[in-house]
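Novice: Feature list, courtesy of Swiss-Prot:
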- ASP89: active site, proton donor/acceptor (ACT_SITE)
- LYS151: active site, schiff-base intermediate with acetaldehyde (ACT_SITE)
- LYS180: active site, proton donor/acceptor (ACT_SITE)
Amino acid sequence: MNFNVIIDHTLLKPQATSQDIKILIEEAKKYNFGAICIAPIWVKLAKKELKNTNIKIVTVIGFPLGSQISAIKQKEASLAIAHGADEIDMVMNIGKFKEKDFQFIINEINQIKKEIGTKILKVIIETALLSPHEIADATKLVSSTNADFIKTSTGFSYRGASEQDLKTIKENKSEKLAIKAAGGITNLADMENFYRLGATRFGTSKSVSIIKNLTDKKNKY
C-alpha cells in the first residue's frame, strides 16, 4: 500500500507561522503526500505554494471544539473553499450530540455540505469524549447525512484514534461513508493497523517519520 497518498500531512498548532506552513508544504511535495491539513488562515498561502501540484488542501471548520454557531461554521466553510480549500474537516457539535439533539447535528452537517458542494466533507466526532455506545450512535448519525468521511479526532483532546474506535465505527457506518483516522498516529504500526480496520485516510503531524520508517522497512527486503 502506498500510504503517502492517503496521508493528510497536518499542522494545526496555534503557534504555526507562515514559514512553518511553507516547510510543511515542501515536505508534502518531497514525500508525495496526498494532502496537507492546515488552519483556514493559511489556505490562500497554500493555494499559491501548491500551484501545479496534485496535493490537496484540507482545512478545519469549527475547530477544535465544534460549538460555534452553525451559521458561523457555514460561513467559515464557504470562505475556506473560496480561498482554495479542496476538503473541509468540520467538528461535530459534541454538546448537542450528548443531549441527543440529533436533528441539529444532521442539519448542521448537511448545511455545510450544501455550502461546499462537491468538495469533500469530513465530520470529526472526537471519539475521546464519547463512550463506545455514543461512538456507534455518532457513526450512524453521520452515515445518515451527506458527509463523505467520518473522522475520529481533532488531535486536541486527551487522546486520539484507538483500535476500538475504528472497530466501532466500521461496524456502524454506512457503506458510502469513508473513515479518516487522526490524533496520536505517530508510527507505521498504528497506521497499518488502522488501515486494516477500515481507515482510508490518515491525519498526522508525524507523516515524515512514518514514511521514512516505511521506506526503511521496504529496504530490508
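From the backbone N, Cα and C atoms, a Cβ is placed for every residue, glycine too.
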Novice: Looking only at LYS151, LYS180, the active-site residues on record, which one has the least crowded Cβ, with the fewest other Cβ atoms within 10 Å?
Specialist: LYS180
Novice: Run through the Cβ atoms and count how many others sit within 10 Å of the one on ASP89 (active site, proton donor/acceptor).
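Specialist: Around ASP89 (active site, proton donor/acceptor), other Cβ atoms within 10 Å: 27.
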Novice: Distance check, please: Cα of LYS180 (active site, proton donor/acceptor) against Cα of ASP89 (active site, proton donor/acceptor), rounded to an integer number of angstrom.
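Specialist: Cα of LYS180 (active site, proton donor/acceptor) to Cα of ASP89 (active site, proton donor/acceptor) measures 10 Å after rounding.
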Novice: Between ASP89 (active site, proton donor/acceptor) and LYS151 (active site, schiff-base intermediate with acetaldehyde), what C-alpha distance do you get in Å?
Specialist: 8
Novice: Going by DSSP, is LYS151 (active site, schiff-base intermediate with acetaldehyde) sitting in a helix, a strand, or coil?
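Specialist: DSSP call for LYS151 (active site, schiff-base intermediate with acetaldehyde): strand.
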